[in-house]
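K.L.:
The structure under discussion is supplied below as structure tokens; questions concerning it will follow.
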Ligand SMILES: Nc1nc2c(ncn2[C@@H]2O[C@H](COP(=O)(O)OP(=O)(O)OP(=O)(O)O)[C@@H](O)[C@H]2O)c(=O)[nH]1
Ligand SMILES: [Zn+2]
């Protein structure tokens, strides 16, 4: 189930004796599907949990400690956490997944291959703490995917990229290093790149039975709930939520700096501290582009993601500002009303 030393070490002696670790396999409102050492079970979270900030509430992949009576005690600290920031709502966070070891970023060897989109996904993985692996599907449609693989590998320091035919069982062998006992993985990528095909290949026999299970709810009715954490053949867990598959990504500051480490390092050498890397005047980044060291496309995507990041921050700031002005106005209106002006 992936309950390794990282989680074990978070238990106190008492908890070690009396508490049961349970992993969240799905969540619907306050209803959690859990897997525990004694099997799958369903748990309604006490309402108080809802008052917690969203990122402190259980999400698929989380480890929850249950006391002897089966009551949820606390969430264990996460090894990774993917959340998306919904644009337009300031910094509203939408938790996606917890405790992923690997995020497979899937793209195909044909028209879908888009370095800028991959860089976006990479910043997400980087910020969340899940190790990214790029998977190029439909390799069978190319004579030689080596060139695309090289392009993909260059997108972040130390990045691994693989090319495969998602329909062939050989894909299992290629991905096996990331699918060992207790690992938790997820797949992201645009529609049609072959995620479902690949997942079916990896699940093998297990794929025939879907994630849906029938259970009796509190009123004795049969309900069908979909588990979103599914066992794979090598002992790994696949985290497969609708949100994960449809993930649209926003850039993040920390993620940007890591994925664009080359640009960030060059930027240190620009003549002006606040260099926007738009003009050649003393700009080390532009110079690297001219020397062919960095793709123009990569630099432009970096600047674009950085701008988006700025907008998000600004909109959160603006809404705070607006609120402040509003309460000021309300206060001064009160003062006027009582004739103190
Ligand atoms: N030739 C070839 N075709 C593939 C490969 N992988 C997937 N396909 C085909 O591509 C089409 C789309 O694959 P899906 O697995 O449905 O893609 P998806 O990413 O799950 O798409 P959504 O479900 O829309 O998110 C299907 O017709 C697959 O058979 C591959 O490696 N090689
Ligand atoms: Zn510059």
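The backbone N, Cα and C atoms fix where each Cβ goes, glycine too.
Under the heading GTP binding site, TrEMBL lists 137, 138, 139, 140, 189, 190, 191, 192, 193, 194, 195, 196, 197. What TrEMBL records for 270, 275, 277, 283 is Zn(2+) binding site. Sequence annotations record features per position, and here TrEMBL assigns domain 'CP-type G' to 90-247. Feature annotation from TrEMBL assigns domain 'EngC GTPase' to 98-245.
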K.L.:
Any idea which of the binding-site residues 139, 275 has the thinnest Cβ neighbourhood at 10 Å?
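P.N.:
Candidates: the binding-site residues 139, 275. Fewest Cβ atoms within 10 Å: 275.
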K.L.:
DSSP on residue 277 (Zn(2+) binding site), three-state: which is it?
P.N.:
coil
K.L.:
What does the structure give for the C-alpha distance between residue 189 (GTP binding site) and residue 277 (Zn(2+) binding site)? Integer Å is fine.
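P.N.:
Given the Cα positions, residue 189 (GTP binding site) is 30 Å from residue 277 (Zn(2+) binding site).
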K.L.:
Between residue 275 (Zn(2+) binding site) and residue 191 (GTP binding site), how many Å separate their Cα atoms?
P.N.:
38
K.L.:
Whole-number Å distance between the CA of residue 283 (Zn(2+) binding site) and the CA of residue 193 (GTP binding site)?
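P.N.:
Rounded to the nearest whole number, the Cα-Cα distance is 38 Å.
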K.L.:
In the predicted model, what is the mean pLDDT computed over the domain 'EngC GTPase' (98-245)?
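P.N.:
85, rounded to a whole number.
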K.L.:
Under 8 Å Cβ to Cβ from residue 277 (Zn(2+) binding site), same chain, six or more residues apart: give me those in sequence order, or none if nothing qualifies.
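P.N.:
Within the chain, residue 277 (Zn(2+) binding site) has Cβ neighbours under 8 Å at 263, 267, 270, 283, 285, 286, 299, 303.
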